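Asker: Sharing a structure with you now.
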Protein chains: 2
Amino acid sequence: MKIGILGAGQLGRMLALAGYPLDLDFVFLDPATEACAAPLGTHIHADYVDEHALAEFCVGVDLATYEFENVPAKTAEFVAGRIPLLPAPVALTVGQDRLSEKTLFDKLGIPVPRYMPVATREALEIAVKNVGLPAVLKTRRLGYDGKGQAVLRKAEDLDKAWAAIGGQPLILEAFVPFEREISCLAVRGKSGELRFYPVVENVHRDGILRVARPRADDPLQAAAEAHATRVLEHLGYVGVLAFEFFVASGKLYANEIAPRVHNSGHWTIEGADCSQFENHLRAIAGLPLGSTALRGPSVMVNFIGNTPSNEALAAIPGVHIHHYGKAPKPQRKVGHATVTAGNDAELETRLAQLQALVAAVES
Amino acid sequence: MKIGILGAGQLGRMLALAGYPLDLDFVFLDPATEACAAPLGTHIHADYVDEHALAEFCVGVDLATYEFENVPAKTAEFVAGRIPLLPAPVALTVGQDRLSEKTLFDKLGIPVPRYMPVATREALEIAVKNVGLPAVLKTRRLGYDGKGQAVLRKAEDLDKAWAAIGGQPLILEAFVPFEREISCLAVRGKSGELRFYPVVENVHRDGILRVARPRADDPLQAAAEAHATRVLEHLGYVGVLAFEFFVASGKLYANEIAPRVHNSGHWTIEGADCSQFENHLRAIAGLPLGSTALRGPSVMVNFIGNTPSNEALAAIPGVHIHHYGKAPKPQRKVGHATVTAGNDAELETRLAQLQALVAAVES
């Protein structure tokens, strides 16, 4: 079976690495010249709105998916009109607009921070009155890794925030004084079969995920699964979906969903019975899903900007190296490592060694 | 770092799948048109003795290895004269000739079944007198998966055996009435660092490996490691080596070595901390070796001739599917599955389900 993937970044690369053993082949469409999944399949080097290239992409594959949530709606429609595109385009439509997302969460009874859409400078004043401060002003579309966001702590911050990101559709969200940020990686098969990985505790810095750690027996596992189930079933979703939450006063508040495999699930390659990448492929290919159970303690650390040397990484027991084949660049995700261990204490020791290496090179 | 691999079969394919996360790229040289590792790198489609192609291969890579032990000696010399070739060609020379192998084992004090070289029909009579019956007559070179072998049980079998494989250099080996066949997967780094996977119990049928199961705390672990160490150090070996033994009356008798990653080590992908494929690459790239510890119970089953459907395989919990991208053909290794489980009883249940699927389709 040949799978078409819109996007050829590291998520596409890890999908392909998980897919060859299942007898899948891959075609990627990505406008980047040095798309890092390209060595692992056929790379159609074209813009997402190039209909000639999209037609070529569709002719060559049995079904398509995406590894990039900002695939233009027109592109998704074009592809879905010709071959199965999973998850269905509606997930992209919802996930690309923070207002649609929050509206859906509201409709499904999933708690969200207070929010209000903001179209003008005047509307921002009104939104601040309603939502309160501190709050986060965000672009409704195309934000990622903390880009397109401004924190408002006091009235004087409004002008600066507006100057930075005003003039496009925005949303103001109450700042949640969270104790933790967690994500729930969920997967739904074509038959409606559902599986959930243990919730993951995430640490961000400068808006970029740094550390993701699955938590066995988290008290919020059941609540996170219930929320994810509502979204998956409402969207008739097929594939892996990541649902990010804030935890405040021990309760979940929905932050956002990503209709794809997710950085906070990379630990599943070594840390779970069946990885998020394989489960996404199983789901879209119509196969029974794999077990999402933990194989033991694990934690993932991102390489941001640069990577420690393989010599240093490989010297730490239990460290599993994942380079993405990308050139170093400040704030760019260029790889990650997952640490596994026989017990939590051993995991902490190894994690501390790994973090020291990462801190010495990251940019 | 770009790695050149002589051969582009399933072992090359699994080396590449393990290598991309380490930031390695791959060039394969293989005469087969449909070499199954080809989609995972650059495939130089040429004969092993095509010096023009070999020169192109050498220019494009930082170092080379092989996934096929019958690489011609001239090819190995050509490559090793230009770039580092690891394991060093001496391992090929020894491993390609059953007589050199047995002689080396003898020299290193490693017990072997009685044996005698056989060049003529008359020499076969003499060898049978010395070695006794039952015995196995084998071609000294190019045998694999039971090909080039004939079992001699009584005097009348000699003519038939000679007719089948006579006229080339042969070796007669005493038939070992073995209780078990085991293999020791060993890896040696550039610094001399040594690691050993838990010994693997192997079941063959029609000369082809069917089932391989790592054994924790096997009473013969230390002896197998001691024998492997002698060979690795004598050869100044760098990389993964598989050492196959017969077990008779609880003692090891050396059968053969394969200077490469090996079918009896495929379970290490999911069953060990660091797979044989990653450890081979770590070794030849000069990196510290990874842990060879078990992650839990596991067992591997080969797909011979044909593969069960992905639907049926994926429905068994803990089954990890590995297709090689090869067309079905009787007696051909076209894939394998490794079963993992939380305990031995669960492993047996899952293994029985898997074996039923395999038995229904194999050819």
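Placement of Cβ uses the backbone N, Cα and C atoms for every residue, glycine included.
For reference, TrEMBL lists these features for the protein:
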type: BINDING; residues: A:ARG98, A:LYS138, A:143-149, A:173-176, A:GLU181, A:HIS204, A:255-256; note: ATP binding site
type: DOMAIN; residues: A:102-285; note: domain 'ATP-grasp'
Asker: On a simple 10 Å Cβ count over all chains shown, which one of the binding-site residues A:ARG98, A:LYS147 is most densely packed?
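Answerer: Output for this query is A:ARG98.
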Asker: Just to be sure I understand the packing, how many Cβ atoms besides its own are within 10 Å of the Cβ of A:VAL176 (ATP binding site)?
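Answerer: 21, counting other Cβ atoms within 10 Å of A:VAL176 (ATP binding site).
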Asker: Please compute the mean pLDDT of the model over the domain 'ATP-grasp' (A:102-285).
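Answerer: Averaged over the domain 'ATP-grasp' (A:102-285), the predicted model reaches a pLDDT of 95.
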Asker: What count of other C-beta atoms do you get within 10 angstroms of the C-beta of A:ASN255 (ATP binding site), across all chains shown?
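Answerer: 21, counting other Cβ atoms within 10 Å of A:ASN255 (ATP binding site).
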Asker: Would you mind pulling the DSSP three-state label for A:ASN255 (ATP binding site)?
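Answerer: Where A:ASN255 (ATP binding site) sits, the three-state DSSP reduction gives strand.
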Asker: Around A:GLU173 (ATP binding site), how many other CB atoms lie within 10 A of its CB?
Answerer: 21
Asker: Three states by DSSP: which one describes A:GLU173 (ATP binding site)?
Answerer: strand
